[in-house]
Amino acid sequence: MRQHVNPLSSNFNKIERIPSLSEMFGDSKLNLHLDIGCAAGEFLFNLASVNTSWNYLGIEIREKLVKNAKLKVFEREIKNLYFVFGNANNILNDVQSKYIIRNIKSISFNFPDPWFKKRHYKRRVIQPEFINVLSNQLQKGTLIFIKTDVKELFDYMDRTISSNFYFKKIDKKDFNYSESFNPNKVKTNRENYVIVNQINIFERIYMRI
């Protein structure tokens, strides 16, 4: 069971220092993939192992999970993976993150908290203001991948991203993964659970234009 954390809590107003790319990674020149809401980070650990030609950054709002993930990175001496604790909206909207955002080539939102009650929609990670921040900072060609097993949440995320002029939908059938990064080659724990239980998965790809 996922532990729900209120991202609007004042506890997340203070942002930890974001290291430079050279501090986070062995080779700061590699393309950078960002996973928002990375949980324990197993998805990124697997990606970092499968595709070593990229750097990976995970943002997670549960501090204990981030501490454990950082310890694993240290123990395994992984040079292309880093984790940051906090609210992604606050972190990426902070001035110290601007340079990092401009180096991001793709972002994934995998099975984010649905926050089913309407009064809690404002707690969802994808908000119009957040998408505006991304549209203003991301380079052209940057990809966004969303994936969920909750149809209502998918529709909400799709409307929110699609309403921003700077992002266009890409038909998955026409998307050439050989020419771009493919985070879908690795499945999250939630996705494996959904597949085993034959639950529908809703996903979409967007590009910054």
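One-based numbering along the chain as shown.
Cβ atoms are placed via backbone N, Cα and C, with glycine included.
Among E23, E60, E75, E129, the residue that Swiss-Prot places alongside D35, N87, D113 at the S-adenosyl-L-methionine binding site is E60.
Residue density at D35 (S-adenosyl-L-methionine binding site): 25 other Cβ atoms are found within 10 A of its Cβ, drawing on all protein chains shown. With respect to their backbone Cα atoms, D149 (substrate binding site) and D113 (active site) stand 11 Å from each other. Pairwise Cα distances among D35, E60, N87, D113, the recorded S-adenosyl-L-methionine-binding residues, top out at 14 Å.
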